[in-house]
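Reviewing the structure listed below.
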């Protein structure tokens, strides 16, 4: 049983200096150990799969196109996104060490939402790339130059991390002087706000506005590009070309359905009385299962990637 740790503060009297991540404390020890092994296996598979994609894009010139450049950046992003929560979750379930300092908790919350925002913006960039490739194929090479691709990815990271930098001073203004048990497996903002002794009504509104802006804004732009792609596909005369275009976009559409559906329910319309059980389940899907599936959804079922992987394996076998 983790003990509550407090320090004396002249302003608050007694202030919390550590949190206890109490999200899965109700599970039996055997079930926690089993879940920790599952999460470890999925995490390692995610990291290896994403690393493989990045490596193949770097070494195979056939994959050095804007589409695979963006996919490799998504793989890099997903590795950090799942690492921000999965590693600590594994430690919690495996060892029972549930405490986390305030600074680490705030940093984890910031990274989780900043990386998530980066993914939303990157999905917009990827949909724009597919729009140009399908709707303006003759101008694709002239538009999607390497310099533009690099600038788009750089802007994606900078905009997202800058936009969510408001979260750190916002969290630092909160005071915690009661229970320090967070009913979650990571430092999500909803349980943090619930524990605060401060008036968090304004913080809920600010966070809701920013989350809605990122999620709904990126969703509208992405859907606009895909609606244009759909109209272009319908006007393609050759059935084989239509099927190729649909196959190219199907991976992103699968991703959009998974990620936007859950995030809209949790972040766009947050409720101070919302179910934390539902929040934990969806967050677990987003931080563990979705990154685990992403390498398979985007690349490892793609023919060009499979060919590149077979080449690398064959080359390695010849050297042995």
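Just so it is clear, glycine is given a Cβ too, placed from its N, Cα and C backbone atoms.
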Range among 129-147, 148-166, 167-185 that TrEMBL annotates as transmembrane segment: 148-166
TrEMBL annotation of transmembrane segment - which of the ranges 91-109, 110-128 it falls on: 110-128
TrEMBL annotation (transmembrane segment) - matching range among 33-56, 249-272: 33-56
Model confidence over the domain 'G-protein coupled receptors family 1 profile' (49-298), averaged pLDDT: 85
